[in-house]
Amino acid sequence: MANKPVKKVVLAYSGGLDTSIILKWLQTEYGAEVVTFTADLGQGEEIEPARAKALAAGVKPENIFIEDVREEFVRDYVFPMFRANTVYEGQYLLGTSIARPLIAKKQIEIARKVGADAVSHGATGKGNDQVRFELGYYALEPDIHVIAPWREWDFKSREALLDFAEKHQIQIAKDKRGEAPFSVDANLLHSSSEGKVLEDPAVEAPEFVHMRTIAPEDAPDKPHIFTLDFERGDAVAIDGVAMSPATILTKLNELGHDNGVGRLDLVENRFVGMKSRGVYETPGGTILLAAHRGIESITLDRGSMHLKDELMPKYASLVYNGFWFSPEREMLQAAIDYSQAKVAGQVRVKLYKGNVSIIGRTSPYSLYDQDLVTFEEGKVAYDHRDAGGFIKLNALRLRVLAKRDKR
């Protein structure tokens, strides 16, 4: 139940059943004026219907905010994360995690604009998203009041939730009276499916779960080869055609979809302490990660590459756990961005039945010296005898240890 007076609240609103119920609950339980924010993150569905639904629920026209944030999402969140080659627990490309800070930021901006004293979200009390949203809110507006309905209301079952919806004339799709087969989240970077039929980690996910990719075995028998250009660590062109960040990711998603690239079935460790199984599709991101590592392989020196690889798991955990606006993430970002100054050039990519292969790399800043590495007689002076002293110095501690152990 409501325990603090709230005059105006900004709700992250999708227009779906759950956030429509939350909207009405905020009005009835808090007596608050509700402001809705709906973001177009490239989730692949129309967002304008959210306006009509909010109006039907009694939200004033001036309190309905709908914004296309796809370019900002990719430019300021996805690309910075990919400069770090960010992967959580060796597999997850953080498609859901990276979207939450942007939504939280927009809610706080709107709250300041309209004079709202609270913000609200539709994340459940078991998942990571509640943490991500709220850490974002507090980092940007430390005294904001946060309403998390799933942790507050008294509904004991889904039936009770649907009864509330019917009582308040909230439209319910016919299939909502039964259990939905799984829960879906989507944006321009990925789609995720969790829960219900996917909760048993021993059971293979049904094919219909996959929305962003065709099955690899159904992909074309001929590989697709293209080029991806980079500047300062960010992709800027496909096949020589310059594109905006969101357009590039959209095109990579299309290429990945058509070639069965980017499917992932994993069990991850949630920040809140439990394990969860998810089926993820990140076609464009999977291609982008492989290509970025490809261009880094010829433009970064060994020390920089290895340090980045050491820092990456920490960076990934910060993003996954909701600390995007933390000083430590910004410190890591500064180091990563510094490393990308000369990460520029072109990568040739081959897609074939779910696989991404890097088959060529060129850069004006390449550190690869063909004359130095050739097995033929090189033009660069390299005395093979020098390696003997190098090996002996590196072996010194091993020899000392071996002598001690033989005593």
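Quick reminder: no glycine exception, Cβ is built from N, Cα and C everywhere.
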**Fill in**
Listed alongside Y92, S97, N128, R132, S183, E268, Y280 for L-citrulline in Swiss-Prot, from S192, S297, is S192
**Request:** Check Swiss-Prot: it lists A12, Y13, S14, G15, G16, L17, D18, T19, S20, A39 as binding ATP. Then name which of G95, G115, G122, G125 it lists for that same site.
**Result:** G122
**Request:** Could you tally the C-beta atoms, other than its own, that fall within 10 angstroms of the C-beta of G16 (ATP binding site)?
**Result:** 15
**Fill in**
Cβ density check for S97 (L-citrulline binding site), other Cβ within 10 Å (all protein chains) comes to 25
**Message:** Just to confirm: which same-chain residues, 6+ apart in sequence, have a Cβ under 8 Å from the Cβ of D18 (ATP binding site)?
**Reply:** G122
**Request:** By CA-CA distance, flag whichever of A12, T124, D129 among the binding-site residues is nearest to Y92 (L-citrulline binding site).
**Result:** D129
**Message:** Given a separation of at least six residues and a C-beta threshold under 8 Å, show me what packs close to S14 (ATP binding site) in the same chain.
**Reply:** T38, A50, G122
